[in-house]
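Reviewing the structure listed below.
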Amino acid sequence: MAEVAPAPAAAAPAKAPKKKAAAKPKKAGPSVGELIVKAVSASKERSGVSLAALKKSLAAGGYDVEKNNSRVKIAVKSLVTKGTLVQTKGTGASGSFKLNKKAVEAKKPAKKAAAPKAKKVAAKKPAAAKKPKKVAAKKAVAAKKSPKKAKKPATPKKAAKSPKKVKKPAAAAKKAAKSPKKATKAAKPKAAKPKAAKAKKAAPKKK
């Protein structure tokens, strides 16, 4: 049973690429409505273009009218309801059709108005690019303030205090200088011994 279960799981991913491949051709090329508008605009007939003439022009442009006959009719109806086409003869998809000049002229100014908006948006983008300059200026100000904080360390003061401790050996030297005085005091009694010798020498004179 464990060997049979992985087989459906392997088959499922294989189906997904087929759906993607089928979806790609739909995106390529202009829509049916665009082709119909081009065909009607190309015709010079004052009374309008019939549905049969539209199909011939679409077929000449490489569009498969036989397979997409229903799409052509739906597209014609939708263009009439939108106001892009005006139906001069007949009803529904059958009859003759003309371009609605007012609708076409209204679309052109709308496209021109959309173009300046795009330019304004492009002009606003450089303004957004200027913001990093302000950030850079703030960083520069922060960099200027940081040296002030660097001055706070009191290590040089401690180094200046240390020489005071060095002066203590000088006091020890003074004590050492005082000690020879004591040595001289101790040496004075030695000098008194010759006096005693002189006294002994003077004793024989009494005899």
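For all residues, glycine too, the Cβ spot is worked out from N, Cα and C.
Bear in mind that the values here come from a model prediction, so they are computed numbers and not experimental data.
Noted in Swiss-Prot for the protein shown:
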- 1-15: compositional bias 'Low complexity' (COMPBIAS)
- 1-28: region 'Disordered' (REGION)
- Ala2: N-acetylalanine (MOD_RES)
- 16-27: compositional bias 'Basic residues' (COMPBIAS)
- 28-101: domain 'H15' (DOMAIN)
- 105-207: region 'Disordered' (REGION)
- 117-168: compositional bias 'Basic residues' (COMPBIAS)
- 175-207: compositional bias 'Basic residues' (COMPBIAS)
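Taking H, G and I as helix, E and B as strand and the rest as coil, DSSP gives the domain 'H15' (28-101) the counts 36 helix, 11 strand, 27 coil. In the predicted model, the domain 'H15' (28-101) shows an average pLDDT of 77.
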